[in-house]
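A.B. asks: Annotations per Swiss-Prot:
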DOMAIN    8-227  domain 'Radical SAM core'
BINDING   17, 71, 102, 163, 266, 267, 268  GTP binding site
BINDING   24, 28, 31  [4Fe-4S] cluster 1 binding site
BINDING   30, 75, 126, 197  S-adenosyl-L-methionine binding site
BINDING   261, 264, 278  [4Fe-4S] cluster 2 binding site
REGION    319-339  region 'Disordered'
């Protein structure tokens, strides 16, 4: 039986998000804007990235503390060479119940079959518009929508479970809410709408660009009636709705207007081995050094336990309460820890 570890607010450690690279082939403005992450930007050298063996070892230690769900992130995780091999290694870890991956989808058609065969269960594809011109502007590199839709089709054919994430920004892509809902309802994939968040320090976040989830629900409900659905499990971040008369669902991730800090069970491991206890964290705890310095599994396990047991973060709740000085706090970039 895995040990149970709780933070200062009695939140268990259940989910581990593992970033495998800080690189991405997109330059989305809310994550990795091109004016900051330009040609001269210095990404992590290979020597500083956790190896697959180190990631697998840490995964084993995390599962001994109660983690059952693993999500592979980036950057863009498919830019890490031989990623299916890592999936295979994690799949063999006792206690791992579910392996998912978040991707921009542009490289998915090349790798979906190998990922499925290696043991990947699910994939979440980030897609913010079906309009080619707008999508090219949003991804900052002129990628076309078809490259992502092709990846989704190949992944579905391979047998991967698929969800789509759409970050909604008022005045940027809010006109795409209904077209996205119609399209993915027809395709049979769950579409999740995410409120534009103040992650990192470089995405130019403004509160007036947030489209509240309740507004999105109202907009869709007027055309395609929705019925609220119960959560699947403790700590589920998305509020779920199904289309009336069907089992097809949408989800709403309302991290700005309806903070879910009180049930957050996620830890985040960056590509170079720092452990972050919140998406909005200012700093992380280094696990790479103890791994490479010869610490035993038990020593690293107790280090992780201590980090989680002193966890007291609730950034989104503090944002809602307008905590003084919150907007001046430095935060890790989302591209570094995978959202």
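Positions of Cβ are set from backbone N, Cα and C atoms, glycine also.
Quantities reported herein were computed from a predicted structural model and do not represent experimental measurements.
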A.B. asks: Would you mind listing, in sequence order, the residues at least six apart from residue 163 (GTP binding site) in the same chain with a Cβ closer than 8 Å to its Cβ?
C.D. replies: 122, 123, 124, 125, 189, 190, 191, 192, 251
A.B. asks: Which one is it: of the binding-site residues 71, 102, 126, 264, 266, whose Cα lies the shortest distance from the Cα of residue 31 ([4Fe-4S] cluster 1 binding site)?
C.D. replies: 126
A.B. asks: Rank aside, I only need the closest one: which of the binding-site residues 24, 28, 102, 264, 266 has its C-alpha nearest to that of residue 126 (S-adenosyl-L-methionine binding site)?
C.D. replies: 102
A.B. asks: Of 17, 24, 28, 75, which is closest to residue 261 ([4Fe-4S] cluster 2 binding site) if I measure between C-alpha atoms? They're all binding-site residues.
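C.D. replies: Answer for the nearest of the binding-site residues: 17.
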A.B. asks: I'd like the number of other C-beta atoms within 10 A of the C-beta of residue 278 ([4Fe-4S] cluster 2 binding site), please.
C.D. replies: 21
A.B. asks: Can you tell me the CA-to-CA distance separating residue 268 (GTP binding site) and residue 24 ([4Fe-4S] cluster 1 binding site), as a whole number of Å?
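C.D. replies: On Cα coordinates alone, these residues lie 18 Å apart.
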A.B. asks: Can you give me the Cα-Cα distance between residue 267 (GTP binding site) and residue 28 ([4Fe-4S] cluster 1 binding site) in Å, rounded to a whole number?
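C.D. replies: Spelling it out, the Cα of residue 267 (GTP binding site) and the Cα of residue 28 ([4Fe-4S] cluster 1 binding site) are 24 Å apart.
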A.B. asks: Go through 24, 31, 197, 264, the listed binding-site residues, and name the one with the sparsest Cβ surroundings, counting other Cβ atoms within 10 Å.
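C.D. replies: Relative to the other binding-site residues in 24, 31, 197, 264, 197 has the fewest Cβ atoms within 10 Å.
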A.B. asks: If you measure every Cα to Cα pair among 17, 71, 102, 163, 266, 267, 268, the residues listed for GTP, what is the largest value in Å?
C.D. replies: 21
A.B. asks: Long-range neighbours only, meaning 6 or more apart in sequence with Cβ under 8 Å: which ones does residue 28 ([4Fe-4S] cluster 1 binding site) have?
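C.D. replies: Spatial neighbours, sequence-distant, of residue 28 ([4Fe-4S] cluster 1 binding site): 128, 138, 139, 140.
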A.B. asks: For the domain 'Radical SAM core' (8-227), report the average pLDDT of the model, please.
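C.D. replies: Taking every residue of the domain 'Radical SAM core' (8-227) together, the mean pLDDT is 95.
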